[in-house]
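Take a look at the structure below.
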């Protein structure tokens, strides 16, 4: 039966508590009675539970108070009323509703037009109504109000009749609670959802109809007469008033109530209920209850307090039923982990033991010996005390309550418990004395001594409690301090004294040695002296001391050596004794463990005590007496050292510190005199500051006793004492009036000194009580915020409430080896809180200036406010000064004075000496001034000061005139007319002076007069003296009026504002502490802006890289959160060091991390806690109630219906849940990795993700500051750039590994053509196109041609498809631009492309390219690649000349130009069939020109005989070209079996186009029938993923031709002959290129000496240099658009010296961002995930993981060329790839031996898979074919469309397509071939082109590629010059608009202008260049 009944009861667990307002139904069902209480006598009814005056509970029948939980009742109110606590919330919620239709009000329109009036409101009559909360006679209610300006319509309130009453004919109308109740009931569900989304939840409880009556047990007992058992509760009196009012209202009614009577009843009811709830919600009534009831409190133990005692025991008291409290004394002979308990306590407190078959005999013996008090059987307890009858036989299952015995575990605590070690688990021994005894070594962790301190002892009962106590509180588990990491047990003064005395004896006789050896852990060794002349054998002190060592101990230190437990070396110095013992103990702990360490203490402590008791020690008054000569020396020191400073004591806080240091020096001198005494030297720890202070006070002097700063007594008391001192001593004492006491206790104090000392002593007493309020509040706040911060099992530090990561690792950088201190589950938040509060308490308890400043610094950081407060610290700025290397002395001091003089404001009153008014006769005045004034004011100024400050009288006159004139123009000022009539003048030498003085004759003078309309002299005199003169005195004549003060201070490394100078190491330096006037600061950041603005003229003296605002919050505003974090850590560390020996850095870092984890600096106060919980989305009302008023907290939670998940420590403990800390922390076992998604091998870069979601709202927050542009250059240099490791070539940041150059899968380096180069992208000039430097060169897998820019403010240099036309030109540099001669090692073979300056009218297109050098002038009439022209139409001999026609040369007469190398996109104005002009990459869908060519045709396409597909034939579908030499843009042949043909420069979207390679197309190699994964990336194979560009023979850019982008290599390991134009970065840097490659636009060229540091720069167009051949690199050329620099332009947050693309400088505080890190949004083939349909998602999920794994396997970093892949990868490739290949059997051959990834035999810049058969045969195979075949078989109906979409290169965006269509000539569509798919691999490549002769396929020799005659050059130049004029005329309009943007965006150094004549000359005279300069 029992089993059945128990099985029916299901286990439950509280998972959360939801708060809400109690509804009427809930109040009724909680009541024990179904009927309401309607008589006052029922308020103390027996149905409401115990306690009662007599009888039992009528509801549950209980008779004992602790058995009855109490029962509720309720009072029914006669009229509904508003809940007094929620009227405001109800008002806010109803304000959102239309009171007629109860829908959410629509937001008001901004235009205010007719449409808004008609459509903007739902109900016209209710739209104008507003709701206000009113209060009258103590009653609150809601009131409806119409606008007073509106016309009052009759019946405007009639719509409210549906809710209650039709009432009201005025502009206002009360809204009754009854009506609101009906409104809340009728709110539709849709409106409820919208209100809930806005944070307002409609609840029935907003209206009160039923008032709960609490149980009897919840009455707060405030008074008792000693007899009655019912407690008197003031809230019960108020509740009776409520009930009386209810009865009165009900009895007064007659019939139905109308609106007015309803309103009156509700107001009366509201008042009494509100009063009741106010009293009910407070712990004590405001008035004196004892006097009110005439009852005095009598202490009794009656049952009336049973419930109260229970509540206090459970929730308030630290004591419990199993605890005791007693005074402690010391016993050095007991073990450290033992505690002695008096037998009286041990007999009364019991431990529970359950009887079992195993312990029955043991417990029976205890019962028989009368050691048990009682036993329990079932629910009955039986006593076993003396006198009980009979013999008790124990049975299994009974519970025995035995007394405390020796060996029991208890834990001890001494309040206040401010740190972990205040709780210590100890073993019990029972003794006969009356105090609790502990080992003196335990005083340190308990912060106790033996002067009467009391401790609490707790006796854990259950087995789990005992186990927890031993694991958490045992001494051996707590030997290391959680605060400092040092040992918590320290030898006391008596032990050290005994040790010093022992060491002086050297030898011990036999009796002494044997007596002391009894306490050692080892046996007594043989004596050192067998026999002496005077005595027997003798042992050395070392032999006795080493008896305490563990066996076989070996350790050493600087001052001791122990080997084999033999003490071989020991420093006898008195001062070193304590530290040596600590070092030995630490060594034992590290070598032997905590158990042996405790054993050492247990042996050494009694041994030393025994020695001291036997030897004895004495101290006499003679030891404290100093000679008169020594006293005179000390007094003279006081007069010489201290007296000169006391006069300045009250000037600044730093003077106090200097005074304290001076007193400390004098103390040291006095202590040295005193330590001559042998006894004092042994007794005193001379390294202890407190010990020395006490000794000096006894025999030397008391020092500073009174101070007017940071004390609890007032400044008036100090001044009164000073007056008393002067009156008593006159001028004898120069320091006594400042609180310096020269006397000492030994010689006695005089009355004044005694008075000063008593004030100081009393202040210490007050400080220890009242002063602890502030640090106590800080400790409470720290605990509230940090209580839930623990280390989780994964090593991260998290907040258990929200599972938010606060810190990724804890203590990883610790050099002290404290990792063992903090394991998983450790509540490190609590440890950090206690570690910080301990120094805070110390700082407040100690009243020294040092401690005061420490506490102030702690508060500045830990209690920083959420919002800007405009305090003094918020307005302070610390200015550092620049280094001066001139070699002169005092440069920094002079600079500091210069800046201070510039900032410090000097008002006229600072220089004024005297003020005189002169009366002159009328004619004299008129002659001089031309006015009618008789009175003339003179302000005489200090000439010396004016000269020192370099202020002229003219400056003074001008400033005074300005102020007087401005005051005279103000309106509504009484004195305005007076200032208008005031005249000013100045003179260097005043003629009017005081007759009594002669020195005033040469005084500068400011003269002013008042031109009165009436001759009233009194009125004139009053205006001069009381109106004009005060204003003149306040006028600032020098400096900045916005600056309050500017002080030069000494800043050292131990100061909180220290910023290290990386270029100079010094102990300190002079800085300026500037404070801004409060009136000048309106918002956060103003102080910094004002100071920088004031310092513009001296900014060259200021180190802006290190200058910071003083406030941590302001540091965050200016420099960002990371800088604020570092400052918080630094300042907290400095403040702690002032008062404590040190706190572990882990604690301070955790504090700072918790303050900044929300994204802003939040202090440990209520505001910071609220902001933190909001940011982390934590709803924890119970925890919040510990920090904020609990009632308000719960009311707010009820309004918002918050749910406390009880995941916090407070919530868990409150509801009996296990807390998630320590071993109780939760974890889960994951059995299946696939279900949890942990089998995904792909790693996600957290920084990429953060950059993807980064906000740009504060993008331009820094531009608004005055003077910002001036400091940009300084700040740009300050930006942290990576420092490259010379060995590895990788960028290294000093403080993080955030920016690692990892080209992960999905993010390879590539050309980022579409990147926005704006601030918001975080890009800077030194990095790739649009690649954020922080990504270390990571780029998109494909070129982002179609990607729209993320930021529309400014477009990138090459944003070919951006939405805005960029209007800012790029910097046109003189070296390395297109067409500018570059330098190479082989200068003779380097072509010179159009070396010419930029023309003045050069057109800068929207993509910001260099204009004068870029293939001639660009035609930007269509403004982008989307339109007809890209670049220029023609250029004069651009890039040299070719055989027949140069690029862009256009034959106007013949559209069919025959040439060996057709013009590069040559264009004829009259024939659209001719290709585009030079550089006109033009219409993407444009029909190819019918140009016949024999050579490589750049950009020309021929339907019959063409070099290749034109450069601009980007979207041709199937151009059947018959090419002789492969053109630059040639396309693959139709239906070729290629995986990827040689991608032409623009062949983007071709679907199996036909291409026939000719000899030496740009970037093309010979195509043979071989299988490659990727073809050669010719001319910018823009969409290939890992294209390793290697040109074929004589390709464009080959080293033989000294092409762009390649450097001449002498190394045999060079991987490419030439990096083709646009060859993208390989991940392993396999392509080598020169620095001058076409495309390294924004990067400076490294010099030879910078080769190691710069060669790893990732550039999208310039192929990378190879690491292994870097030492053989030739001199590199200047890059395109940038002059060569001598420093690397590495990635980072600054420009690194490279020119930015728009002339903007790098703004350091911005975090970098890049769109390249959006890899999770794209597939492995760079297609957008959202572009696939739901049906295609199945195919995508099938093929995408395979593709990503393949990318990783084929990555060069995975397997070097030719290496076999691993077995796992081999299995993957065989099963997933080769198994589906259409030619599987052929590829497998005789069997697979292994699979490799290697370079293709033909296309050596491509990597592909090779299968090596067992017979040694090696064949390549294509994964594309395999995947296509697999998809076609598995999804035959969907595969083809999916393959086209998945493997297709990114297409242009819609805008581009539309523009292309517009640009297509008529008839173009008809000529376009149909779409055909094309492969994307290098496998089974079969060319279907016509056969070519060897001469056609043979590569051209260098001479063929270069040799040209001057005549050819001349003819080409002429043809180009003809088209040049057309190009200029077309682009003229554009140049005008762009010239404005140039002037705005570029600095003068970046803008180079040329005259039109220069431009024309360039266009017409290209023939003047040498042939070598015009070769291609």
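Even glycines carry a Cβ here, placed using N, Cα and C.
Here Swiss-Prot flags 57, 60, 68, 71 as Zn(2+) 1 binding site, drawing on similarity to another entry. Residues annotated as Zn(2+) 2 binding site in Swiss-Prot, with similarity to another entry given as evidence: 98, 101. Summarising the annotation, Swiss-Prot assigns Mg(2+) binding site to 449, 451, 453 and lists similarity to another entry as the type of evidence. The region 'Bridging helix' feature in Swiss-Prot is assigned to 751-763. Taken from Swiss-Prot, the feature region '18 X 2 AA repeats of [WG]-[GW] repeats' applies to 1215-1693. Look at Swiss-Prot and you will find 1272-1291, 1298-1718, 1847-1976 tagged as region 'Disordered'. The feature compositional bias 'Basic and acidic residues' is assigned by Swiss-Prot to 1281-1291, 1298-1307, 1349-1371, 1415-1430, 1648-1678. Per Swiss-Prot, the feature compositional bias 'Polar residues' maps to 1332-1348, 1491-1501, 1869-1878. What Swiss-Prot records for 1886-1976 is compositional bias 'Low complexity'.
Within 8 Å of the Cβ centroid of the Zn(2+) 1 site, not counting the listed residues 57, 60, 68, 71, the chain contributes 32, 47, 48, 49, 50, 58, 59, 61, 62, 69, 70, 215. Non-local neighbourhood of residue 71 (Zn(2+) 1 binding site): 31, 32, 47, 48, 49, 57, 59, 60, 215, each in the same chain, at least six residues away, with C-beta under 8 Å from its C-beta. Geometry remark: residue 101 (Zn(2+) 2 binding site) versus residue 68 (Zn(2+) 1 binding site), CA distance 50 Å.
Here the region '18 X 2 AA repeats of [WG]-[GW] repeats' (1215-1693) returns a mean pLDDT of 42 for the predicted model. Under the DSSP three-state reduction, residue 57 (Zn(2+) 1 binding site) is assigned to coil, being neither helix nor strand. Rounded to a whole number, the distance between the Cα atoms of residue 68 (Zn(2+) 1 binding site) and residue 453 (Mg(2+) binding site) is 39 Å. Residue 451 (Mg(2+) binding site) and residue 98 (Zn(2+) 2 binding site) have their C-alpha atoms 73 Å apart, to the nearest angstrom.
The number of other CB atoms found within 10 A of the CB of residue 449 (Mg(2+) binding site), across every protein chain shown, is 12. In this structure, residue 98 (Zn(2+) 2 binding site) belongs to neither helix nor strand by DSSP; it is coil. Report note: the Mg(2+) site is defined by 449, 451, 453, and the residues of the same chain whose CB lies within 8 Å of the CB centroid of those residues, excluding them, are 328, 443, 448, 450, 452. Cβ packing within 10 Å was compared across the binding-site residues 68, 98, and the lowest neighbour count falls to 98. For residue 449 (Mg(2+) binding site) paired with residue 68 (Zn(2+) 1 binding site), the C-alpha to C-alpha distance reads 45 Å. Within the region 'Bridging helix' (751-763), the DSSP-based counts of helix, strand and coil residues read 13 helix, 0 strand, 0 coil.
Of the listed binding-site residues, namely 451, 453, the sparsest Cβ surroundings within 10 Å are found at 451. A sphere of 10 angstroms centred on the C-beta of residue 101 (Zn(2+) 2 binding site) encloses 14 other C-beta atoms.
Highest Cβ count within 10 Å among the binding-site residues 57, 60: 57.
According to DSSP, residue 449 (Mg(2+) binding site) sits in a coil region rather than a helix or strand. In this structure, the CA atom of residue 68 (Zn(2+) 1 binding site) is 49 Å away from the CA atom of residue 98 (Zn(2+) 2 binding site). According to its DSSP assignment, residue 68 (Zn(2+) 1 binding site) is coil.
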